[in-house]
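These features come from Swiss-Prot:
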DISULFID  23-165  disulfide bond
DISULFID  90-183  disulfide bond
CARBOHYD  33  N-linked glycosylation site
CARBOHYD  56  N-linked glycosylation site
CARBOHYD  72  N-linked glycosylation site
CARBOHYD  93  N-linked glycosylation site
CARBOHYD  103  N-linked glycosylation site
MOD_RES   19  pyrrolidone carboxylic acid
SIGNAL    1-18  signal peptide
């Protein structure tokens, strides 16, 4: 299975690289300790576009999302603390992502199956993307994240260029709206509780 995945990705490389030079951002690279350091901390979900209908439906309800990545380099896992606003309510969830270093992917079990995403970087180090089904033209898609809730025109431009590489219309992009976030109070409460626990220990 892993071998067939690698062969499929390798077969895509000439296609991706033959297009706009920025398509190189869609070529998965191995995840290193430096990579894990780079993604550590707080990230905001900005936008996404998927051809996969299941993923499209799941993101339509999202009004705002931010999360924290805390990697464990020894166990190749990432502790995820996620704050998501849907239907004007805050939903908090914590879980672990598995890191597949050689494939450049992270995965999470949800709904009884494993969801895999490629970790992709843009030129701006304050942004990142996750690519889904990059070996399946009928289902592939991208989600875009930044270290702040609002992005610059240049940052969004890089995301759009990546979508162009996959021939996904920009009209298909779904955006979040930080003004609709309902989770900031809960985040502050959690932060206060953590500081109290640290003080007691």
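Every residue gets a Cβ built from N, Cα and C, even glycine.
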If you count CB neighbours within 10 Å, which one among the disulfide-bonded residues 23, 90, 165, 183 has the smallest count?
90
Find the one among the glycosylation sites 33, 72, 103 whose C-alpha lies closest to that of residue 56 (N-linked glycosylation site).
103
What number of additional C-beta atoms lies within 10 angstroms of the C-beta atom of residue 103 (N-linked glycosylation site)?
19
Neighbourhood of residue 93 (N-linked glycosylation site), C-beta criterion under 8 angstroms, separation at least six:
80, 81, 82, 84
Rounded Cα-Cα span from residue 72 (N-linked glycosylation site) to residue 23 (disulfide bond), Å:
30
With an 8 Å cut-off on Cβ-Cβ distance and a minimum sequence separation of at least 6, pull the same-chain contacts of residue 72 (N-linked glycosylation site), or say none.
78, 79
